[in-house]
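**Student:** TrEMBL lists Asp294 with the feature active site, proton acceptor. Taken from TrEMBL, the feature active site, nucleophile covers Arg296. Marked as GTP binding site by TrEMBL: Arg217, Leu218, His219, Ser220, Ala221, Gln238, Glu260, Gly261, Arg262, Thr282, Thr317, Lys322. Annotation comment: TrEMBL describes Cys222, Cys233, Cys235 as Zn(2+) binding site. The annotation domain 'GTP cyclohydrolase II' is assigned in TrEMBL to 174-338.
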Amino acid sequence: MSLTPTMIELVARARVDLRMGLPIVIENGSDTALAIAVESLSEERLGDLRELGDVTLALTARRAETLKARVYDTDVCRVHVPDSVSWSWIHALADPADDLNSPMKGPLSSLRGGNAQFARLAITLTKSARLLPSALLVDLPDGVRFAAENGLTLINDGLAAPLLDQSSPLHPVAAARLPIEAAEAGRLHIFRPDDGNEEHYAIEIGRPSREEPVLTRLHSACFTGDVLGSLKCDCGPQLQGALTQMGQEGAGVLLYLNQEGRGIGLTNKMRAYSLQDQGFDTVEANHRLGFEDDERDFRLGSSILKEMGFSSVRLLTNNPRKISMMESTGIQVAERVPLKVGENPFNTQYLATKARKSGHML
Ligand SMILES: Nc1nc2c(ncn2[C@@H]2O[C@H](COP(=O)(O)OP(=O)(O)OP(=O)(O)O)[C@@H](O)[C@H]2O)c(=O)[nH]1
Ligand SMILES: [Zn+2]
């Protein structure tokens, strides 16, 4: 019936549940498990979880590397949680904030064999909820009934995993004239995805022809740089530089994608900054938290451009991944326009690391 939530709606609900510290139930037709995010886990719920059975901690292989835990499932690590350990022991495995003060948390016993897919899906959901990428899991004999009896969100692994892997369609919802300092002829368009995630924006300068390559900037949200003028990165000057160039040429499109912190969210970015204060570089900090270098989905940018009627761009970027992603998703990159502004004594190392480890063009 049409009033029953679809899997995409259940996934959106699961994201909120996990953020609130509520468990969800995952099933695959034969097996079922309860999953809860470590970041929002309360001591009381940990006690309730333990009454249901053996507790397993799901971590990413990246986080396991820091913890020196064995990884048997490629990208995911399942660690046995002994009955004797406390809530703070579990928390410290997921959150690297205190790693340097208490480096030895093990020995950790990693699970081998069996199905790692529920752990993988739970981690993907925590990432998508912009939480620390880790979850606790408990196998349930009849999770479908348990979910119904306790009012918990029930997620089918086979249906949800591909949905989380693909980019959600985006739809234009509102647009209006927006004169800005860089160009009086500005227009702001809002695009909303079907999956309940953040909206993304396009600032159209002038009336660019749809028949020719359009000067384009694919900008990722950076609250610290764009709004506060942080000197730790080059985002603010890049944003203003791109708009200024579009204003001077009289045409362009700036896509403002709400993928703060290269897709890990502002809270996790601040955790990464705190690790950077301890001496780790931008890539190492992401890894210690359990994330990849870059968790962004650049397919969103191509979808918005196509929705607006563009098929070819002159892309303002130093990031080769943005170029290859555009081309592989059907937007031709007719020209790469370098965007080198905003270097200062505070971000020299950050920019050098991006060039050395992420292939940014200098
Ligand atoms: N995780 C993390 N994200 C950061 C850090 N510094 C900046 N960011 C984020 O990195 C993103 C910067 O994105 P972009 O301006 O698109 O930069 P880029 O990938 O270097 O590519 P170009 O600027 O096009 O060359 C923003 O989402 C920032 O919030 C950091 O130290 N850690
Ligand atoms: Zn920034």
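Glycine is treated like the rest: Cβ placed from N, Cα and C.
Note: TrEMBL annotation is automatic and uncurated.
Keep in mind the model is a prediction, meaning the values are calculated, not measured.
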**Student:** Among the recorded positions Cys235, Glu260, Arg262, Arg296, Thr317, which have a Cβ atom lying under 6 Å from any atom of ligand 1?
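**Tutor:** By the Cβ criterion, which requires under 6 Å to ligand 1, the hits are Cys235, Glu260, Arg262, Thr317.
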**Student:** Pop the Cα-Cα gap between Glu260 (GTP binding site) and Asp294 (active site, proton acceptor) into the table, whole Å please.
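**Tutor:** So the alpha carbons of Asp294 (active site, proton acceptor) and Glu260 (GTP binding site) sit roughly 11 Å from each other.
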**Student:** What is the nearest of the recorded positions Cys233, Cys235, Arg296 to His219 (GTP binding site), using the Cα of each?
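**Tutor:** So, spelling it out, the nearest of the recorded positions is Cys235.
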**Student:** By the count of other Cβ atoms within 10 Å, pick out the sparsest of the recorded positions Glu260, Asp294.
**Tutor:** Asp294
**Student:** Roughly how wide, in whole Å, is the group Arg217, Leu218, His219, Ser220, Ala221, Gln238, Glu260, Gly261, Arg262, Thr282, Thr317, Lys322 that binds GTP, by largest Cα to Cα distance?
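**Tutor:** Max Cα-Cα spread across the GTP binders: 23 Å.
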**Student:** Among the recorded positions Cys222, Cys233, Cys235, Arg296, whose Cα is within 10 A of the Cα of Arg262 (GTP binding site)?
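**Tutor:** Those close enough are Cys222, Arg296.
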**Student:** Of His219, Cys222, Cys233, Cys235, Arg262, Arg296, listed as recorded positions, which ones have a Cβ less than 6 Å away from ligand 2?
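**Tutor:** Those recorded positions that pass the cut-off, since their Cβ is under 6 Å from ligand 2, are Cys222, Cys233, Cys235.
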**Student:** To the nearest whole angstrom, what is the C-alpha distance linking Cys233 (Zn(2+) binding site) and Arg296 (active site, nucleophile)?
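**Tutor:** Between the alpha carbons of Cys233 (Zn(2+) binding site) and Arg296 (active site, nucleophile) there are 17 Å.
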**Student:** If one looks at the chain holding Cys222 (Zn(2+) binding site), which residues at least 6 apart in sequence have a CB under 8 angstroms from its CB?
**Tutor:** Ser230, Cys233, Cys235, Gly236, Glu260, Gly261
